[in-house]
Amino acid sequence: MTIASERICNSENNLKSCDNEVYLSIEKELQRQRSQLQLIASENFASKAVMEAQGSFLTNKYAEGYPGKRYYCGCEYVDEVENLAIERLCKLFNVKFANVQPHSGSQANQAVFASLLTPGDTILGLSLNCGGHLTHGAAPNLSGKWFKSIQYTVNRDTYLLDMDEVERLALEHKPKLIIAGASAYPRKIDFERFREIANKVGAYLLADIAHYSGLIAAGCYPSPAEYAHIITSTTHKTLRGPRGGVVMTNDEALHKKIQSAVFPGLQGGPLMHVIAAKAVAFKEALAPEFKTYSKKVVENAKVLAQALQGHGLNIITGGTDSHIVLVDLRSQKLKGKDVVNSLERAGITCNKNSVPFDTEKPTITSGLRFGTAAETTRGLEKKDFKEIADLINEIIQGLIDGNSPDVEKAVKNKVESICSNFPIY
């Protein structure tokens with residue numbers, strides 16, 4: 001072995017020459033993203049600036065603790081980066097305190113639980129079946145194992161959040177924590193009403209805005225900052241940053257508890273390269289262009305929902321106020337799993353999703369979830385989403401008529417044509 005080959009940081013040690021297998025897989029994934037329509041509601045396309053920060057030399061730095069209070073030396077520059085991320089996040093959501101270290105939205109929620117609850121305490125969250133998230137008290141999740149989880153649902157006629165049920169369950173069970181948020185709910189959430197209910201029973205209110213955070217930052221969706229005791233979010237999805245989590249609050253005492261819960265409670269060293277990418281994304285979200293983008297995200301979702309309705313598809317709640325569009329396939333007697341597989345073969349990626357009070361298993365489902373954030377980033381406009389709705393309908397009709405292979409091939413050609421007009425990276 002030569003001296004040069006022993007030095008892993010030499011200038012010739014790029015990914016392609018070092019590990020061609022991983023390099024080729026990444027290149028194939030890039031080609032997939034370029035040639036397919038990404039309609040998964042939790043996905044987006046991060047900017048090159050965000051990805052450059054995430055792939056930076058900050059990967060090498062260990063920095064247990066918080067700015068100015070690290071357990072390692074040599075942290076003066078990563079302190080600068082983390083402070084920038086905190087300052088920008090607080091400005092973005094009009095809050096006083098923030099922790100940008102959680103590795104994910106799930107860990108951000110776990111930090112809240114660790115700071116406010118003890119095992120056996122009662123929590124109240126939206127049922128997974130009705131659009132909630134695993135960390136909101138679902139049985140398979142630790143939040144459903146460590147705590148007494150009470151689940152609220154949606155109205156069986158409108159599929160809107162049943163706030164009267166939320167209040168009834170809160171008064172009956174006296175939860176210590178109420179969670180307002182969702183992973184598959186397309187409409188506005190009444191955070192003010194949630195806080196009123198929390199006040200009646202002396203509960204903390206957690207607003208999990210993982211899906212809506214970018215829209216909230218841009219003023220396109222109601223903000224919980226005035227009402228929630230604590231706010232958690234991911235930093236990708238509509239916020240268009242790296243994959244990660246954050247926790248925010250206006251209460252200094254709660255902030256101190258959260259700080260201790262994140263470190264040393266749940267995590268050791270923060271991912272400083274990811275925090276740098278978060279800081280970049282927050283700066284991008286503070287720009288006027290981000291407001292224009294977010295407005296288009298919602299407009300495009302409304303067009304997609306209306307166009308799918310025009311094809312006779314049942315849209316949960318009848319429309320959307322966000323980036324999310326939920327389709328109920330029960331009238332077509334189709335399963336979500338079959339439809340998403342056919343769509344993927346045609347170059348359209350989305351996810352199967354349970355619809356309210358679904359009797360199918362989560363691995364099968366009776367519905368589809370679409371999101372418009374990624375393809376709006378790509379540059380698609382209303383007319384393009386109307387065309388996408390037509391293509392989705394063609395796939396569904398192909399399944400009904402039994403000629404899916406031919407339809408998938410034709411749709412795939414159209415998808416590739418759309419993608420070629422809107423190149424990425």
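In case you wondered, yes, glycine gets a Cβ from its N, Cα and C as well.
Per Swiss-Prot, these features apply:
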type    : residues                       : note
BINDING : LEU128, GLY132, HIS133, LEU134 : (6S)-5,6,7,8-tetrahydrofolate binding site
SITE    : HIS236                         : site 'Plays an important role in substrate specificity'
MOD_RES : LYS237                         : N6-(pyridoxal phosphate)lysine
DSSP on LEU128 ((6S)-5,6,7,8-tetrahydrofolate binding site), three-state: which is it?
helix
Relative to the Cβ position of LEU134 ((6S)-5,6,7,8-tetrahydrofolate binding site), how many further Cβ atoms are located within 10 Å?
16
GLY132 ((6S)-5,6,7,8-tetrahydrofolate binding site) has how many other Cβ neighbours within 10 Å of its own Cβ?
24
To test your reading of the (6S)-5,6,7,8-tetrahydrofolate site: which residues beyond LEU128, GLY132, HIS133, LEU134, same chain only, put their Cβ within 8 Å of the Cβ centroid of those residues?
GLY125, LEU126, SER127, GLY131, THR135, HIS136, GLY137, ALA138, ASN141, ALA182, SER183
Euclidean distance between Cα atoms of HIS236 (site 'Plays an important role in substrate specificity') and LEU134 ((6S)-5,6,7,8-tetrahydrofolate binding site), Å:
18
Name the secondary structure element type, per DSSP in three states, that contains LYS237 (N6-(pyridoxal phosphate)lysine).
helix
Through the lens of DSSP with three states only, how would you label LEU134 ((6S)-5,6,7,8-tetrahydrofolate binding site)?
helix
Report the same-chain neighbours of HIS236 (site 'Plays an important role in substrate specificity'): residues 6+ apart in sequence with Cβ closer than 8 Å to its Cβ, ordered by sequence.
SER42, GLU43, ASN44, ALA46, PRO242, ARG243, GLY244
For each of the recorded positions (HIS133, LYS237), count the other CB atoms lying within 10 A of its CB, then report the residue with the highest count.
LYS237
Taking 10 A as the limit, how many CB atoms besides its own sit near the CB of LEU128 ((6S)-5,6,7,8-tetrahydrofolate binding site)?
23
Expressed to the nearest Å, what is the distance separating LEU128 ((6S)-5,6,7,8-tetrahydrofolate binding site) and LYS237 (N6-(pyridoxal phosphate)lysine) at their Cα atoms?
19
How many whole Å apart are the CA atoms of LYS237 (N6-(pyridoxal phosphate)lysine) and GLY132 ((6S)-5,6,7,8-tetrahydrofolate binding site)?
16
